[in-house]
Every structure is written in structure tokens, then in C-alpha cells.
Amino acid sequence: MFGELIRAFLLIFAAEMGDKTQIIAMTFATQYKVKEVIFGVILGVIFNHGIAILLGRFISTVVPMNLIQIVAGIMFVVFGVMALKDEDIDETNDKKSFSPIITVAIAFFVGELGDKTQLTAMTLSIEASYPIFILVGTTLGMVATSGFGIFIGSKIGEKIPEIAIKVASSIVFIFFGSLKLFNTIPKDYINITNIILYLLIIAIIEIILMKKLINNRRGKEKSPMIDVASKLYNQTKVINETIESICLGEGKCGKCIGSNCLIGYTRFIIKEARKNGNYYSDAYINLDFLIKKEYDNNKVLEALSIIMVDSVNNSWNTDENFVINKVRNSLEVIIFGQIIGHKSDINTYFKEAKLLNKEYGTLLEKKVYTKLHN
């Protein structure tokens, strides 16, 4: 029972490491709350893998089990080889008319149709005594892989070891597939010559695909996975460095009062977000009660312009609980004396900013448009 669940979990986890669906999850995490992405993954996978498991149970009633075992072993080996292939990532931004959870669920349901994880779920269910535990295991595997991708991407960005992940995934599937073949193929065919020939063929295919993968990576600036991981990582990295430059330091400011000042609070929420990999916070704090100091307004405007430009370029979530939006709110209070918040378009934002402070509103507008056109 639990052995089937654990096996399903491990195989799906291995299959999806570095796969397109993990990259899609990382992409959605730059637009929606992480919990919305995870709930969407669960919903999409339950429907997708549920269909596969029902089909697998039907097949097990009409096809001899020994033949099923051999086909399953071959499929696992093929999945292992396929793990080293590059995959094109479809855009996910064209489904935003739905709620975030439904958008993610649809993307995962469609993205997994006919994919190796759906076929793995079907294959595992054919020989399972408890197919419901296969569904739980495969769903947990997808959730774990998606969550792992989001967390690691936000922590290490471009340093994510994508090729090593793909190789590890490939080895896991080939191992399980080979083990299944060894246990089910008639013993007359299991001899040292055939084993060596089999391993030699697999090794040659793996080496060819690995070399091709490495060469493809050298020919590209960034792979899709690296690109998305970099985006997750850089969301707060650049802003954090800019905020650090605004801090006056104890030399000018006196004793540091930490999160009781506006910049101290801003540094704190960025640090916590990067530390925990969670870029949303429901905690409310009245910024008017935080201590304001004589900050360098040019640096504050620079930080605010970076946020505005990234928001336009990356279509960030407008939820005010999004950490980047909380940072923007703090900077607005320093420059304009109050929160401006999200507006329907950037021109409306600048119009309100100029009403509050024409000089700083104009400077901010100039900085933003200069960055957008560079």
C-alpha cells in the first residue's frame, strides 16, 4: 500500500525534475501566489493522472500481466532516455482570464496529456493493488517537484544544476525500467552477453544525448529552466541591493532600530521572503507608524523605478500582499508621503504621483520610461 505510494512519488519526482511542467510552475510563481500555484497543480494532476489510472486498470483486465510488465519496463527505459531531451516550453500567459488556481490547473492538465508522467501513472496503476495510492503518490510527486523548483529557483537562480538534474532523472528511470525487465523477461534471454550489449546500447544513447544537451546549452544564452529560475531569483535580488544602498547606516543614522524604520522594515520583508521562498505576506502593518528618516530621495526613486519597470516587463501580480508591492508601498510613503498602490495603467500611476509631488513624480516617470526604452 504505502510502498506503492512511495514508489509512485519517487518516480514522478524523478521524472519531473528539470521537466517542462516544473518550469511552468516556476513561471506561474512569478505571477501568482505560491499556494495558488500548488492548489492548481493538485487539481490539474488529479484529473490528468486519474484518467490515466482508470485506463491502466482497464488495460490490466484485458492484457496478460507478464506482457504488461515487459512493456512497462521498456517504457521506463524510454522515459529515462527522454529525460535528457530538451523541451520547448509553451507560453502560459494566454489563460489569464480564469482564476489563478483554474489557470494553473488547466495548464498542468493540458501540459501532462500524453506526457511521460501521465504514462508513468498509467503504467504503475496496471500492476497496483491500491490504485488510489498511486494517484496520491503521483500527485504528491508533482507537488513536491513544483514546490522544489519554485523554492530552489528563488534561492540560487542561474546556478541551478539543470544538466545534473536531468542526468539523475534519467538514471532513476533507466534503473527501475532495467530492473523490471530483468525480473520479467524469460531467463533464457538473461545472459552476460545480452546484459553487456543492453548496457552498452543504453550508455551510447545516453552519452550522445548528453553531449547534444551540453552543446545546446553552450549555444544558448539560457535554457528555459535557467531563465525562469533567474527571474524568480532576481525579483528581489536587485531590489534588495538597491534598498541596502538607501539605508543610512549607523554612522549617519545612529543606533539601528531595525524594522521600526521604513527601510529597516523593507529590508526585513525582503530578507524573510528570500529566506522562506514565500513572496506573499498577509501580515498588515501601518506604514505611517514607522519612523521616516532623511533618506537619499534619488536612491529611493531609483529603487521605485526598478520596481515599476520590472512590474511592467514581468506582469507581476497586483496583489498588495506580494512582497514586491509591499516594498513599493514603503518607497511611495518615503517619496510621496502616502501609498499610491496599483493603478489600471502606468500613466494613471504617474498622474497621481505628480499630483502628490510634481517634481518627484516627473523624475520617477522619466526614470521608468528611460529604463523601458533601453
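Any Cβ shown, glycine's included, is placed from N, Cα and C.
Note that this is a predicted model, so its numbers are computed, not measured.
Marked as transmembrane segment by TrEMBL: 37-59, 65-85, 97-114, 130-151, 163-183, 189-210.
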*In contact by Cβ distance (the transmembrane segment (37-59), the transmembrane segment (163-183); 3 or more pairs under 8 Å)*: no
*Honestly, do the transmembrane segment (97-114) and the transmembrane segment (37-59) touch, with at least three Cβ pairs under 8 Å and pairs 6 or more apart in sequence?*
yes
*Taking contact to mean three or more C-beta pairs under 8 angstroms, with sequence separation of 6 or more, is the transmembrane segment (37-59) in contact with the transmembrane segment (189-210)?*
no
_Distal contacts, the transmembrane segment (130-151) - CB-CB under 8 A, six or more residues away_ = 1-2, 4-13, 15-17, 19, 21-23, 25-26, 29, 34, 37-38, 41-42, 45-46, 49-50, 53, 56-57, 108, 117, 120-121, 124, 225, 229, 232, 277
